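I have placed the structure first, in the form of structure tokens, so that the comments after it can refer back to it.
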Amino acid sequence: MARFAALAVCAAALLLAVAVGGAAAQGVGSVITRSVYASMLPNRDNSLCPARGFYTYDAFIAAANTFPGFGTTGSADDIKRDLAAFFGQTSHETTGGTRGAADQFQWGYCFKEEISKATSPPYYGRGPIQLTGRSNYDLAGRAIGKDLVSNPDLVSTDAVVSFRTAMWFWMTAQGNKPSSHNVALRRWTPTAADTAAGRVPGYGVITNIINGGLECGMGRNDANVDRIGYYTRYCSMLGTSTGGNLDCYTQRNFAS
């Protein structure tokens, strides 16, 4: 009897471990369900979009499952805000929307490659985050186990790889820049240099991390407005608040 009782305890523990593991794996999918994903990105497969058919929900979930902390860290509100920020920034990077149009913020994930392909070829912008530059392709590739220096086109031909590069960028601090993930979770504490440069916690710092050299410290601009518009829409859809400091109009970029 003791032997059977021990076996029963072991079996129960195993089932619990499987259940917990399964819940963790489904963490992102419990917030960004297939229907929510479709509602957030209603035009991603529009015939006008060059990326139609590429950014599938299944590819997003498969990629997310390789980054255990992505969309699963913190409180329910933290998770929603982190995901809203991720989709807000990546939707701007891939937008096919017309500025000022009623549906401006419904055209995320329309592109998978930089239109001009002129920035650092062959390492021009690709994927949700528009990964750019040889160094980023090298670092991202090492992190996900793919040779993206020799084969940068993987970022625009393999949707799982594409999403993984965006998630790697989101989760990874580089140089004097914090990770976008930590900023979204309100876990970033500015240094004295950040404070002097006007870099304060909030969504605006994430814009600075991604494209500060072209969009920050120059007053109000359309790119910031677009990023904020997408983020605000997604926060509303997911039921969370945007927080303050949404723009980087008066922030010096991290390279200055």
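Sequential numbering from 1, following the chain as shown.
Cβ from N, Cα, C; glycine included.
Any TrEMBL annotation is an automated prediction that lacks curation.
The active site, proton donor feature in TrEMBL is assigned to Glu93. Here TrEMBL flags Cys49-Cys110, Cys216-Cys248 as disulfide bond. The domain 'Glycoside hydrolase family 19 catalytic' annotation in TrEMBL covers 49-71, 161-171. As annotated by TrEMBL, signal peptide applies to 1-25.
Calculated from their C-alpha atoms, the gap between Cys248 (disulfide bond) and the residue listed as 'active site, proton donor' amounts to 16 Å. Within the same chain, residues at least 6 positions away in sequence whose Cβ sits under 8 Å from that of Cys110 (disulfide bond) are Asn43, Arg44, Asn46, Leu48, Cys49, Pro50, Ala51, Thr94, Thr95, Gly96, Gly97. Averaged across the domain 'Glycoside hydrolase family 19 catalytic' (49-71), the predicted model reaches a pLDDT of 98. Secondary structure of the domain 'Glycoside hydrolase family 19 catalytic' (161-171) per DSSP (helix as H, G, I; strand as E, B; remaining residues coil): 11 helix, 0 strand, 0 coil.
Counting residues per DSSP class in helix, strand and coil order gives 8 helix, 0 strand, 15 coil for the domain 'Glycoside hydrolase family 19 catalytic' (49-71). Note: the CA-CA distance between Cys216 (disulfide bond) and Glu93 (active site, proton donor) rounds to 16 Å. For Glu93 (active site, proton donor), the same-chain residues that are 6 or more apart in sequence and have a Cβ closer than 8 Å to its Cβ are Gly125, Pro128, Ile129, Gln130, Ile210.
In terms of local Cβ density within 10 Å, Cys248 ranks first among the disulfide-bonded residues Cys49, Cys248.
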